[in-house]
Every structure is written in C-alpha cells, then in structure tokens.
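One structure is given below, encoded as structure tokens.
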Amino acid sequence: MSNTPDLNGSLGATQIGAVLGTFLFGIETLQTYNYYGEFPRDSRTLKMTVALVWFLELGHTLSAWHALYSQTVTFYGQLQYISSPPRSEEMTILFAALLYTVVQAFFANRVRVLSGRWNIMFVACCLNLLRFVANMATLGLLLYYSRVSILLEWRWLVSTALGLGIVVDILITVAMCHFLWRLRSSDSKRTRTMVETLILWTIESTILTSAASIIQLILFLTRTDLVWTCFYIIQAKLFSNSMLASLNGRRRFRACEDEPFEFLHFVHTGGSTTGGVSCAFGESGSSDIYGKQIAISLVQREADRDSGAMEFK
C-alpha cells in the first residue's frame, strides 16, 4: 500500500476538472444556441468562428471524459495508466491550445477595431503564437515520453506557456480599458454609462481566465502532483464562455438602436485639439467585435489646425 500513488492529486484532479468542465460546456452550448438565435445578421466569419470554438470545446470535453473513463474503468486498478495516461488526455492539450489561440485572437481584434491600430493586436498575436508553440512542444514531450513526470523536468516550458497566457490576457484587458476610458469624458450621461458598461464588460471577460492561469502557474511551480490540471481543463471552458458572453451581451445595448448616433467629446492628451466620437448601432451584419456595428473603430478626421474630430462608427 505504501507504493500506491496519491490519487487525489492525479486522477482526482482529472475527475473534478472533467465534471466542472462538462458543466461549463453545457453553459457554452446554451450560449451558442442563443447566439445564433439572437444575432442571425452577424457576418459569416463571426458565425464560423463561434461554430469552430464550439466544436473545439466538444473535442476537448470528449477527450477529457475518454481519458477519465479509460483510467477508472477500462484500465481499472492498473496504476501505470495514472502516470502514463491515455492519448486522449494528451489530446486535451491540442484542443485547449487551439481554443486559446482562436479566442485570444478574437479579443485582440477587439482592441484593433476599438483603437484603429494594429500594433497591440500584432504584439498580442505574436505572444499568442508563442504560447501555441509552447503548448505544442509540451504535447510533443508527452507523446514522445508517454509519462506525465516529464513535465516536471521541463517546468520552464510549461511555465512559459502559462505565463504567456497571463501576459496576453492582461495586455488585451489594459488596452481595451485604456481606449474606452478615453471616451468616458463625454458630456452625455447615456454615453458615459455605455462606456463604463463596456469597461466592466471587458474586465469581466478576462478576469476568470487570468485567475485560472495564475492558479495553474502557482500550483505547477509549488507542487509535484497534477492538481493544476484541474484548472487547465476548466480554463478552456472559461475562454469560450467569455467569448460567447461578450457576443451575447450585445443585447444590453439594443435600446440604443433607436438613436443611431451619439457624439462624445474629449481632449487629446497630446495637444490642444479636441475631438468628437460618434456612436453608431447598425442593423446590417458586420464582422466587428460585437458583430452588429457597435461603435468601435476610431477614424481621425481633420477639421483645421486647432480642432479635429474622431468618428466612432
């Protein structure tokens, strides 16, 4: 009995992660159903992205449950399958890595559309790509060595993947809040309320995923068991749910559609010019971050030497 491994930190973590992950997958499925029912005019690209995320989550969920079933039923009592899990458990890394890449690219594009600049999106996508490469390298190690303990010998690689995820989340959140905050100085109470809601919305979209990444990193660096994998399984679901919540949350702004244009005014910090921002809620489909032409892109217009305007359309 002394040679029996502690199952709480290995099989137990997988079981808890699979159960909670399935619950979150059910929520995502409901959100996906609501999305297609509520926003039929969204662009085909956006609809395909949502479908891709759902199918990746389906593969992730099935892989997690196949691994759990194999360890608890098919190979019951064969402890070697705890330290050398079935391939399906390793495939969860592939599905999770693809999910992270797609969802974080989606949020990075929100920053691009809001700011009208590519630089932040470029940096975020580069870091996102590095994270994907690190995850694929981790998957390669598991496929080659067929033992989980190899990850302890490559702590820097797994830590890099987790750390990059945290950096990208924080970068996107800070950038979104920064550009939205610049619009908050409007004289219109209605517009200020809308901007404040968008800021809160942005923070809500990333706080859970960032927290899951931080907890994973701490557990991975301080423990020798697999407790951290519980949060790894759950995190993929948090990413997809945050994306769907962001899209479906557009219903909050439907009341604004009766007044298609509203102007915000703010002072540029870099000079004496003042600007205006118009807020448009269109009816046609679009591929912007909310899919319904919620005012996001900023277009600089020149008026004269001392004043300018920016259109939020």
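Heads up, the Cβ atoms here are built off N, Cα and C, so glycines get one too.
As annotated by TrEMBL, domain 'DUF6534' applies to 166-252. Helix, strand and coil residue tallies for the domain 'DUF6534' (166-252), in that order: 75 helix, 0 strand, 12 coil [DSSP].
The feature transmembrane segment is assigned by TrEMBL to 12-30 (among others).
Annotation source TrEMBL lists transmembrane segment at 51-71 (among others). For the transmembrane segment (51-71), the residues of the chain that approach it from at least six positions outside its boundaries are 11, 14-15, 17-18, 21-22, 25, 28-29, 32, 81-82, 85-86, 88-89, 91-92, 95-96, 98-99, 102-103, 233, 236-237, 240, 243-244, judged by C-beta separation under 8 angstroms.
Outside the transmembrane segment (91-108), and at least 6 residues removed from its termini, the chain residues within Cβ reach (under 8 Å) are 49, 52-53, 56-57, 59-60, 63-64, 67, 120-121, 124-125, 128-129, 131-132, 135-136, 138-139, 142, 165, 168-169, 172, 176, 205-206, 232-233, 235-236, 239-240, 242-243, 246, 289. Annotation comment: TrEMBL describes 91-108 (among others) as transmembrane segment.
Annotated transmembrane segment per TrEMBL: 120-144 (among others), in sequence order. Within the chain, the transmembrane segment (120-144) has long-range Cβ neighbours (under 8 A, six or more residues past its boundaries) at 87, 90, 93-94, 96-98, 100-101, 104-105, 108-109, 111-112, 150-151, 154, 157-158, 160-161, 164-165, 167-168, 171-172, 175.
According to TrEMBL, the feature transmembrane segment maps to 156-177 (among others).
Summarising the annotation, TrEMBL assigns transmembrane segment to 198-220 (among others).
Under the heading transmembrane segment, TrEMBL lists 226-244 (among others). Outside the transmembrane segment (226-244) by six or more residues, the chain places 9-10, 13-14, 16-18, 20-21, 24-25, 27-28, 31-32, 35, 50, 53-54, 56-57, 60, 64, 92, 95-96, 99-100, 103-104, 106-107, 148, 204-206, 208-209, 212-213, 215-216, 219-220 with a CB less than 8 A from a CB of the stretch.
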Should anything in the same chain at least six residues away from the transmembrane segment (198-220) have a Cβ under 8 Å from its Cβ atoms, list it; otherwise answer none. 107, 155, 158-159, 162-163, 165-166, 169-170, 172-173, 176-177, 180-181, 184, 227-228, 231-232, 234-235, 238-239, 242-243, 245-246, 249
